[in-house]
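Peer 1: Just dropping this structure here.
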Amino acid sequence: SVGFKAGVKDYKLNYYTPEYTPKDTDTLAAFRVTPQPGVPPEEAGAAVAAESSTGTWTTVWTDGLTSLDRYKGRCYHIEPVAGEENQYICYVAYPLDLFEEGSVTNMFTSIVGNVFGFKALRALRLEDLRIPVAYVKTFQGPPHGIQVERDKLNKYGRPLLGCTIKPKLGLSAKNYGRAVYECLRGGLDFTKDDENVNSQPFMRWRDRFLFCAEALYKAQAETGEIKGHYLNATAGTCEEMIKRAVFARELGVPIVMHDYLTGGFTANTSLAHYCRDNGLLLHIHRAMHAVIDRQKNHGIHFRVLAKALRMSGGDHIHSGTVVGKLEGEREITLGFVDLLRDDFIEKDRSRGIYFTQDWVSLPGVLPVASGGIHVWHMPALTEIFGDDSVLQFGGGTLGHPWGNRPGAVANRVALEACVQARNEGRDLAREGNEIIREACKWSLELAAACEVWKEIKFEFEAMDTL
């Protein structure tokens, strides 16, 4: 009899479909699955597909009212992870209709929702996502993108330079503005609010916005270059966030900033739409990312968070520095840097890219290298990140023995020297130290910076292997 058979049944009967060929419109996910002892990988992979799409733990009579074949996620391929015991990469295909158009929030609620607490799994990590063109086209994406940003700022042929204002908490608005002015006047393109600067008792947001705007207009007038300061619009409510962005627009500044993970994808997407409609660039900080992406066997890899940001919208995003890290990390970081900047990225497992991704007409995002970098790293950073990047030196500017402005001068001189050397055909990987030393001869500021940070190891020799 054709009937409804109650009871608990294996997920793999319905959700493990090795014969399935993914469609162009499917969203594909690569999960690193660590099953509990005794759970076969097919069952674990099928459980992931089920729990992140249409499944529940038992058979329900309402299953008969819909077409599971049309809406279910399918685990279509499983491979063991080399060198790891009891870990598998499970590939899952999700039909297009499972996700609301233009909503990163809804996509994540399904794909990385309840399934991560699932008992049959010891650990679960989302390694990569292939976003189908049909779904990509439902997103606005970055407010402006790389080319429009260069045109707005009138800066071409080199990476952009930034600096996070320190101490990050405790300065008054007036003193904060002074620090901004000194950095911009010395030759930086941007200064940055720290991610934890919102609107605290010692410095309310409106005062900070005013003094920073004054600083950048003064620096612009004196240098003849367009300057920006990332005004952090992150707030406790979406309404307050937009209010801050509106005030920034009224001041006529070029760029605002948002903490996209702590602020949330819904707020971020709203802000990105506002920024495109009102000609503001949007700088994105990734505070909280390590909570999600640090563990190798559980969580979400940063390349997925980076893809999600490109869909939600942002013109800059922090993406690590690569310098002084291991070679493998270098390849993987460059993998998601390409995912941020390029229109079309080929599958390349050696760089951690599990799927070919076509972004069609979504603008690119500038990767921001920030954290523990200084003038000796400049050749490495120029070589690794190329022109389409923002290099941010916080302590590497403000820690200069003579102050902020000379610190900014040192960084700008180092950058211009590296770009010129590269354009003349010199090998930055081999001659990096030499190029910086030569530039020191005609820049006292750079010489002083090099002296301060010379003890900090410059680990770039290994780059020849790339």
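Backbone N, Cα and C define each Cβ position, glycine as well.
Sequence annotations record features per position, and here Swiss-Prot assigns active site, proton acceptor to Lys166, His285. For Asn114, Thr164, Lys168, Arg286, His318, Ser370, the entry in Swiss-Prot reads substrate binding site, with the evidence type sequence analysis. Swiss-Prot lists Lys192, Asp194, Glu195 with the feature Mg(2+) binding site. Per Swiss-Prot, N6-carboxylysine is recorded for Lys192, and the stated evidence type is sequence analysis. Summarising the annotation, Swiss-Prot assigns site 'Transition state stabilizer' to Lys325.
Describe each of these features in terms of where it is and what it packs against.
Peer 2: A C-beta separation below 8 Å, combined with a sequence spacing of at least six in one chain, links Lys166 (active site, proton acceptor) to Asp194, Gly394, Gly395, Leu398.
Following the DSSP three-state reduction, the secondary structure of His285 (active site, proton acceptor) is strand.
In this structure, His318 (substrate binding site) is part of a beta strand by DSSP.
Cβ contacts within 10 Å of Lys192 (Mg(2+) binding site), excluding its own Cβ and spanning all protein chains shown: 29.
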Peer 1: Determine which residues of the same chain, besides Lys192, Asp194, Glu195, have their CB within 8 A of the center of the CB atoms at the recorded Mg(2+) site, and list them by sequence.
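Peer 2: Apart from the listed residues, the neighbours are Thr164, Ile165, Lys168, Asp193, Asn196, Val197, Tyr230, Asn232, Met257, His285.
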Peer 1: Looking only at C-alpha atoms, tell me how far Arg286 (substrate binding site) is from Lys192 (Mg(2+) binding site), rounded to the nearest Å.
Peer 2: 14
Peer 1: Among Asp194, Glu195, all listed as binding-site residues, which has the most CB atoms within 10 Å of its CB?
Peer 2: Glu195
Peer 1: Whole-number answer please: how many Å between the C-alpha atoms of Asn114 (substrate binding site) and Glu195 (Mg(2+) binding site)?
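Peer 2: Cα-Cα distance, Asn114 (substrate binding site) to Glu195 (Mg(2+) binding site): 29 Å.
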Peer 1: Using DSSP, would you call Asn114 (substrate binding site) helix, strand or coil?
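Peer 2: DSSP call for Asn114 (substrate binding site): helix.
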Peer 1: Identify, in sequence order, the residues in the chain of Lys168 (substrate binding site) that are 6 or more apart from it along the sequence and have a CB within less than 8 Å of its CB; answer 'none' if there are none.
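Peer 2: Listed in sequence order, they are Asp194, Asn196, Val197.
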Peer 1: What subset of the recorded positions Lys192, Glu195, His285 lies within 10 angstroms of His318 (substrate binding site), using C-alpha positions?
Peer 2: His285
